[in-house]
Amino acid sequence: MKQQYTLALIPLLLLTGCMGGEEQSDDIAVSASSAGGDAYLSYSYPTDGQAGVSPKAEVVLRFSHAVADSAAEATSKIQLEKDGEKDIRYSLEKVDGGRSLVLTPNGGLDAQSDYSVTFEGGSLFAADGSSITEPNAQGEPGIQFSTRNLYDGPNNRVEGADSFEVSSAVPLPDSQKSEPGQFGPMNFSTFRLKTTHPVHPQWEDMGGSVELTDSNGEPVDAKVIIRGNSITVDPCVTETLAGCGSKDDVLEAGETYTLTLNDLPSKTDGDQALNQEFKYTPRDTAPTVVAEQINVDSGLASGESEDQATRSILNGQIINGVTLNSVLQGTAGPSQQTGSLFAELGYAPNFDSDEPLPLRIPRNSVLRGTSIDVKVGGEVPILKARAGDGNYGPQETTGDIKVTMISDATGYLSPNPYTDDDSAPRHVTLFMDIAMNTESEQPNAALSQDLMGVELRGIAMVRDGVLTIDAIGVVEPELLGQEITDSIIAFNLEGDISEDAPTDAADLRPVDDKPPKLVSWMPGNGPDSADPAVPKTRQRMHRPGDPVTLNFNEPIDEDSISEGLTLDADGAEVTNLETKVDGTTVTATPPGGLRHNIDNYTLTISNQLTDLAGNGATSKDLEFSLPPTPESNSDLTPARPPLALTTYPGFPCETDFSEMDLSAGVLGQCYDDGAAAYEDGRNPTRDTLPVSKLPADRPITVVFSQSMNLDSIRLGETFTVEKVNENGDPVADDPAVTGRLEKNNQRIRFYPDEPWEPGAFYRYTMASNTDENSDACKEDPPASICSSKDLPLETDLLEGLGGDNDTPDPLVIYFEGVKPKDSVFTPLRNLPVRDTNSNFLVDCAPSETDDGKRRFRNDTDECLEPFNDSTEGSDDEGWEPAANATKLGVIGGTAEAEGAAVDDQAAQVGCVAGEGKSCPRNKFIYQTYALNTEVKGPGVYEASDGTKHKGVLVDLYPTMLATSSISVFTKIYFLDLIPLQEETVTNTQVLRMRYAKDDPSCDDDQKECARNSLIPGVITTGDNGQPIFVTEVDLLIDAPDMEIPLGGTHDLYGRPFSLKLKGDITFFDDGRMQIEQWNTQAVGHNDELMVTANTGGFEDAGIVTLKLPLEIPKEGLYLNFISNPVKDIPQELRQTTSEQ
């Protein structure tokens, strides 16, 4: 065996340039040059002809000699060109003594573009005086490469071509391999395809199939992985999963295999499906040998500083160091990768000198990275989620960062394409599919995912019997499901291939015999569990459309899901469970989504759920439920229409466009019911809304207050998107904007086919007929956007639920396209909420009094009861607000009366006044709310009092929220003799977040201040080291349906007030973020919430005029936001006009 190993490696040594006792080095060409040879380019990243390059990549040029030209001189000679546009600006850095040049394009590379690097300014000069001429490996002079499509965004930026087909294949199929130097199939090949469109993630459910068959037409066992536009087919012919990637896992050399793609649906174009077939006749690679390639420690893992760490000869980065660059997390790292890769090398005598020598690294190979601190925006440390006692945990770290090969990585060593010099380093190409995850729960859930088609390009050299590989690759993981991050990795691996090396390193490869471990899950254990989730109200935050997500400590075999997971709903098994595997996570949801009013869901994990090596998981039952919703079956528990909680772009109100001037950025004002206000009260404030802006690469996104009838939301019918001119009229030609509509239970997103054009105007319209007696939602198909309870979308809540609803009231939003932003759009929901059915009422055992007033109980478990365990206080001392509740009071306990009653009259919120009752549970209103934010990055936020907060800047998009009703009682002594208890019922109240002042110093009391800006805020560090969010918000409050006793009127319309907010940020172990907000100052002591009403009369001729001085006490308002689930399974991922 020893002799066979040595014989196998002799041609490898020849290939890598080591023979005759002279060890190759990357400097060997210097002596060749001194003997009359020329200096040359020996390596580039990207390499000539490379496709699918990350836009975050740098251009690296490696030469046989140090470059004598200064950086400025080299910049004047080297031209970077994009799509025919010359002189793309870049900065240039000399690395490794001038042997390498690193070109960093200003602003990065553009996606979906063709680039070339040429020496238009003349040859470079080497240190020995020789010239370095323009390189070329293939095709046109210079180096050509192309960047990848967008992962998400407008369809034509996600698609590489109009037609849906395979754009590239590795290895090349028989029909495409025409030259000896091309990389064809081997008997240990993994087949990798790139497609022009992303494949629909539910391709199997939609009838698609991928199959590998032998020459007899018999299927070959193979792992099929499809993510986006990447398809991997990894054959495994061994009896057990543990044997996959071993020497026994090979196809029959010389036999022809067929890879068939049948009816794979396009994610972006519903009219197209992929049907192609490829033939492969693999070559024999035996007798192979396995060499251990060790990831070299730069010094970081052993405690050295970054300044002391070993740097790559290619780009000057720390070798094997992973640094993630993002807005949400900042610059995180470097994490030092360590571990060994066991590369199986083909038998070199079977391959000619001009042919690539194949290699394979088996699936389930693992590299580990050292732990790094987790911070928001690289500035604000994250703490471990707090325990039940309210203490803060230690600073969050990733723990070990693990990279696992989820398929066999394959590639090759090949002659240097840039020169015929035998002493030049050989090139290495490796294609990998990997899963990333971390040891710590929170970052594991935030980062875990599959990364397909990771491509390494490098050089191989032999020094002192050690095969050294230096390579560059770019990984682009998605963080929190919100942002594509990036990391350029400079790999450095060493392997002993001397005669003293082990005869074969295959036996040194670690054996995976440990079962996968569940480290966290969503929604998490309930409050009565022995190990409740943090916070214990997590299950109450779950909504239809949110999946169940399981986060494991290693990748799960996707083929084991059907047998390894079952879901029961109240004891009945859910059929056709929809599942998705991504990295170490498994996501599951029943058809149509999880539902309220299921007493108990049980997700059972059995030992049939396995890791990549076939180890079964520990059996476990996970029990959960969604918060109940009262049945809407009476006047006391009425069903109410759904709201658009957020519209991005835009503000979710029916708008008066009579003064609209799109070119000037003027949209109009929300329609309201302010004309009905008490004329002797305060006049309503009305803001003019600005024209919203939508970056070119983002979708329209709408979040609803209730689960929707998805069949009622139809692109081109009840949901339309149009291009308009500056007057707001549809453009003359074809105004319809085509694209795809993604629908979930409570959210829709529209992706246009073409990016939004900067400076152009658009509008989208959601059809609604808000007449409660309308049959619009019962038609087939519905003529309005409707809830799952067949109620039309409410678009004019500011005019009241009982307003003018006799005509259709579509919600029309105008916006302007702008260039893409570097900031990160982060949507939030306000959960948990007491009003689970979003009917703006508390439906806890409702009843009716003798005088027709509605009452409910605050001591029942029939609905979400906040006083049980989600808030603090007592009936004796009063209660703090629960999540998404606001406590209201009457200042001084009195109202001022004029007319038939005078002086101060007893008044209080929640129960009768002046009778010695306190009713502390009845002083709260409950909000239904969602919020969009823009995370901008590090900066300094200045509060209105001049306090400066350093941290991560976040802008809030103004929107509108609704609250439940509350009663205010006043004991009036009519004519100072007759006591009367008057009850004022607010009914649904509407709060509007106002756009921020363009000039923060502008005084609203002195003049009308322009308001066109988003609301600024900051994530910073709190007093206990915890992350907190600080902001100030101006609002308007309306109560259009307020009931004044005996038919009076009031002035609570367009009433301005301000909130100063601050609260902790908690990161759940399922990857989500929770932001708490408490008001830090009382509101109302400057009469901001003074309600003036005349009662006992008609219109403005009441008998008694009351002034009710309402207040929100300090920390009487508690908002609780959570981010969306990291993983998602949309109920309908794509709807195009052609699919109607």
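Yeah, the Cβs are placed from backbone N, Cα and C, and that goes for glycine too.
For the ranges 501-553, 554-606, the feature annotated in TrEMBL as region 'Disordered' maps to 501-553. Per DSSP, the secondary structure of the compositional bias 'Basic and acidic residues' (850-860) breaks down as 0 helix, 2 strand, 9 coil.
Assigned with DSSP, the residues of the region 'Disordered' (501-553) fall into helix, strand and coil as follows: 8 helix, 10 strand, 35 coil. Under DSSP, residues within the domain 'SbsA Ig-like' (43-147) fall into helix, strand and coil as 10 helix, 47 strand, 48 coil.
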